Amino acid sequence: MGDHFEKGQHALLNEGEENEMEIFGYRTHGCRKTLCLAGSIFSFGILPLVFYWRPAWYVWANCIPCSLQEADVVLLRTTDEFQTYSWKKVTWIYLSALSSAVGLTPDHPLITDEEYIINRAITKPDLKVRCIKVQKIRYVWNNLEGQFQKIGSLEDWLSSAKIHLKFGSGLTKEEQEIRRLICGPNTIDVEITPIWKLLIKEVLNPFYIFQLFSVCLWFTEDYKEYAFAIIIMSTISIALTVYDLREQSVKLHRLVESHNSITVSVCGRKAGAQELESRFLVPGDLLILTGNKVQMPCDAILIDGSCVVDEGMLTGFNTAKGDLVRSILYPKPMNFKLYRDAIRFLLCLVGTATIGMVYTLCVYVLSGEPLQEVVKKALDVITIAVPPALPAALTTGIIYAQRRLKKRGIFCISPQRINVCGQLNLVCFDKTGTLTRDGLDLWGVVPCDKNGFQEVHSFASGRALPWGPLCAAMASCHSLILLDETIQGDPLDLKMFEATTWEMAISGDDFHVKGVPAHAMVVKPCKTASQVPVEGIAILHQFPFSSALQRMTVIVQEMGGDRMAFMKGAPEKVASFCQPETVPTTFVSELQIYTTQGFRVIALAYKKLEMDHHTTALMRDKVESDLIFLGLLILENRLKEETRPVLEELISARIRTVMITGDNLQTAITVARKSGMVSESQKVILIEANEATASSSASIAWKLVEEKKHIAYGNQDNYINIREEVSDNSREGSYHFALSGKSFQVISQHFSSLLPKILINGTIFARMSPGQKSSLVEEFQKLDYFVGMCGDGANDCGALKMAHAGISLSEQEASVASPFTSKTPNIECVPHLIKEGRAALVTSFCMFKYMALYSMIQYVGVLLLYWETNSLSNYQFLFQDLAITTLIGVTMNLNGAYPKLVPFRPAGRLVSPPLLLSVILNILLSLAMHIVGFILVQRQPWYSMEMQSACTVQNKSISKLTISPAAPGKNGSYSDFTSFENTTIWFLGTINCITVALIFSKGKPFRQPTYTNYIFVLVLVIQLGVCLFILFADIPELYRRLDLLCTPVLWRVYLIIMLGSNFIVSFVVEEAIIENRALWMAIKRCFGYQSKSQYRIWQRALANDPSWPPINQTSYSHIPGCGREVSYSNPVFESNEEQL
C-alpha cells in the first residue's frame, strides 16, 4: 500500500504519545470477502494462516479504502520503526437502552452540551456512538472534529473553575448512566489468558508450522522415529513457553484484581452520598474520602480538604498505572538484530533449499523416476537444508541460562531477553534502595546559636536532644498523620520525629486550648521525658512541601505557650528566608562538609507569631520571612557494600554506568563519586537549563563542579564547589555531566540538538520523575546503546519496561514491569545477568553455526547421492539426526558463563564477517571433502556398480581382488540405498558433524572452557567411538541394518585421513583467524572501518571538537519555545545535527 489515501481515510491516534498509531478506514466488500472465503477453503487453511501472520493483508484482501467516518473496519499501524499492523472492527453503542429510563431525546439537555467529548460522540437523532477498542482503551468517533478520541477521563481543556462549577456538586443519576454506558467500566481488566489461547498462538508460529510440514512429510516416508523425536522436542519447547506466559498472566492478574472491586462513597447531585463499587465510577463522579485508609480506584483531583496519597497503588486503564499495565500486555517488539538476522539466515537456507529442489527435479525427472518419488525427494531437500530442530535447540540454550540465573536468585519472565543482556553496554541505576540502603538514618543535628555552629549532637549516643526550638521543630515540622493508631507519612519526616521520642495524638472534643480547634494533631513529649516545660504542641496549619519550593512550613501552638512557625527544607532555600545575622558565616563550608560525604542535609528555622491572627488568614509569604536559623539535620543514606565492587567490575568491562534518581543533585554527585561511578581523576560538569520567561529565551549553563580539600574536625573531608574561573586545561581528560530532571526536560524541548552530545557523557540525572526516567532510557536507546535498568520501586516501572533488560530488586509492581527480578536486593545481579547473557548469546551463535553446518553437510551429501539417484536411508538419517545432532544440540549449550567480564562484547549479529566467514569456510571444506570422497571411491580398483561388498580380499594384490558376498538382507538382497558412494558419504558426513561440534563449541572469554562441559565432552567421545567402531567393526548384520557396505581397511584409513585433515584445517582457521580478535581489529584499522552506532559517531566527533564541553558558558534558544535551534555554535556538528 502506498501513502496516497482517500480524503479522511487516514489519521493519527494518540498523537505525540508513546502508543501513537496511524489509523486507516476500510469498508468490508462482499465480493472480496466471498473470494477470500473460497481461497481459505481451497488452500486448506493456508490463506487464513497467512492472514494471521499478516493482518494488513487480511484487510486489504477483504475491504476497500474509505473515510474513517464510513469505515466498519480500521487498520492500525504503529509509528515506531517496527510499523506493526493490527485491525479492529468498528462497533456501535446504542443509547436506546437508556431511553426508557432516562427519557433521552436528541434535544435532551444532558446530551446537547458539546463541551464534552461524550456528547460530541453521540450521533443524532439515532442516539448511538461509533467506537473502537484498542489495547483495552475505548475510542469514540467525535462527530464535531471528525476523529477517533480516547474516552474515559475528564477533558484536558477544563479549567479548575469549570471543574468546580460542573462537577463540584456531583453528577445526576442520568448523567452517570450515560457516561457509564459510553465510557465502560472503571477497571483494569486483565484476564488470565486461557492455556488453549496461548497454545494456539505459539503453535501458529511459522517455525512450528514448518515443523508440522516436515513431520507430515517424514510420516509419508516412514521416517517416523525422528518425526516422533521432533514432536517430543517441540512439545517440550511449546509447553515451557506456554508455562512462562501463563505464569506472567497470572502474576499480572493477581496484582490488579484486588483494585477492581473497591467500595467508594460517591456524592450524587440529587441522590446524595451512596456506596458504590469502583467499577461503576465514571469521569466526573464526586468522591468522598471518609478519613479512613482507602485505595483510590482512579485518578482524581482534590477539590476540598487534604489527604495523604501513596503513589504506588493501581488505578484504571486511563491512568499512568493503567498505561503501565497495558504496556506489559502489549509490549513493543524487541529491536534486537540477532532475531532479524535469524530470519535472514533461515531465508538463505530456504534459498539454498530451492536451488537443491530444482537440481533434484532435473536429476530425477531425467532419470524417469515416478512423479510421486520426484516430489518426495524434492520436498526432502527443504527439510534437510532448513533444520526443523533449530527452534528446540535454541530454546534449550535459553532454558539452561534461565536455570543458572534461578540458582542465583534471578527470575526471568521473558526468557528471550537473556540473549539481549549479552549486548548491554550501558546500565542505569536508581539510587535509593538500589545503590544505597533503603531509607535514611538520622545521623545527627548541628545546632547553631549566635556564635555559629555548635558541636554535632549524635543520636547514636542515645542522648535525648535538649529542649529548645530545634527540638520543637523536629517534633512538629512534618506532614505525618495518625492512621489506625500508626504514624504514617514521608520516611524522612518519620525518622526525624522518632528521634525526638515524642508521641502523636489527635485532640478530642474535650480539648480546650485557646486558638486550637478540636481534632487537631498534637505532639507530646513521652512520659519518660524530663525537663520539657510544655505539655505538647498542636499543629494548626501546614504549608505543604513542594519540590518546586523546596520547603514546608507549619504553624503550631505550644500548650500554654507561644504560637510559632517552623520551616524545614533545602539548606540554601531555608537560609534565604532567615535573618542574615542568624545564619552562621561558615554555613556554606559546613553544609558542603556533609553533602560531599553523601549525607542528606535539611535545614530548620523558626519565628514567633502574633496570637491575634487567625492561622488560615495568614499568607505564606508573611509567615516565611525574618526567620531565625536553628541548625542542620543530617541524615545518612549509606552505600550498600556490594555497590562499589560491582560498579568497578562493570566500568572495567567498559560498560557505562548511569545514575537516575529522584534525590537531589548534590547528593547524587557525591554518591556517584563514593561508589566509583565517577573516579577521583574525572571531572563533573553541572548543566542547568531554565525555561523561557517573558523577558528571556530558554537557557542552558555549564559549570564545573570542582573538588577541594577542607579540614574539619581533624579529618580531611572533600566538599563540592562550583568553580567560576576555569583554566584551559580543565577540558582535558574524561568528564561527566550531571543535571536535574527539570534541566533534562528543558533541554529535550528547547535544546534537542544538544541532547545527544550531553547523553554521551551524561552520568548523573537527579530529581527525575518516573516519566523522565523512561524518556532518558529511550533517548539512550536512540543512540544505539543497549540499555539495562536496575531499580526497586514503582517509580522505576516505566524505565524497567522501556530498557532492553529491566532488573527489579523488588517483588512488587516493579517485578511485573521488569523481565528480570532479583531475590537478592543489591546490584550483584547485574554482572551475573550480563555474564549469562553473553554466554547465552555466544551459545545461540554456536547453535546457529552448528545447525547450519549440520544441514549443509547433510544437504551436500544427499545432493551428491541424488546424482546417482541414490540417497541416505531412514536409519542413516536417524543416526545423524537423533544420535548425533540432537544429543549435541542438547549438551553443547551446557557451558556456564565465564566468571570474568571482559572489556568487549560478543558479536550481536549473525551476519558479522567472522561468523559468516566461519560458516562459509567450513561449508567449503565439507563440500570439498565430500566431493573428493565421492570421486575417489568411484576410482578405486575394487569399485564396481555391480559389486556389493569389498570386505574380503583373497589376494594381497588389489588388482586381483575378488569379492565375497556379504550377508544378504531379509529379502535376500540389499536395499536400494546400498552403495559404496552411500557408505563413504555417510561416514564422512556423520563424523564431520561430530568434529564440527567440537570446533564450534566456544569457551573463553564468554563461556566456561569446553572441557568443563563434561556431559558434552563425554557425548562427543562416545559418538566418535561408536562411529569408529562401526567403521572398523566388519559386522555384516550391523552394516545391513545401516544400509552400509564393507570397504577395504585402507579405504577406511583414507576416510580417517580426510576427516582428520578437514578437522585440522577447520580448527586452525577457527582459532587463528575467526577467533583472533587482534587480527580483526587490525583488519578494521587497515580498511578504515568505524562503528556505525550513533553513540560511536558522536564520541568520535566530540573527541575532535576543541570547544566541547563548554564550561562557564550560557546558551540561549533563538526563539522561546522553538525547541530545535540554540545559539551555541559548534562547527563540527553544523552539518549533521538536524539529521538526529
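Cβ coordinates are placed from backbone N, Cα and C, and glycine is handled just like the others.
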Of 226-245, 466-485, the range TrEMBL labels transmembrane segment:
226-245
Considering pairs 6 or more residues apart, do the transmembrane segment (983-1001) and the transmembrane segment (342-366) have at least three CB pairs under 8 Å?
no
Quick check: do the transmembrane segment (226-245) and the transmembrane segment (1013-1033) share at least 3 Cβ pairs under 8 Å, counting only pairs 6+ apart in sequence?
no
Between the transmembrane segment (873-894) and the transmembrane segment (342-366), are there three or more CB pairs that fall under 8 A, provided the residues in each pair are separated by 6 or more in sequence?
no
Selected stretch (most C-beta pairs under 8 A with the transmembrane segment (873-894)) from 378-401, 848-867, 915-937, 1013-1033, 1053-1074:
1013-1033
Residues of the same chain, at least six outside the transmembrane segment (1013-1033), with any C-beta under 8 angstroms of its C-beta?
883-884, 887-888, 891-892, 894-895, 987, 990-991, 994, 997-998, 1001, 1042, 1044, 1049, 1052, 1055-1056
Can you break down the domain 'Cation-transporting P-type ATPase N-terminal' (155-223) into helix, strand and coil residue counts using DSSP?
43 helix, 0 strand, 26 coil
If you average per-residue pLDDT over the domain 'Cation-transporting P-type ATPase N-terminal' (155-223), what number do you get?
83
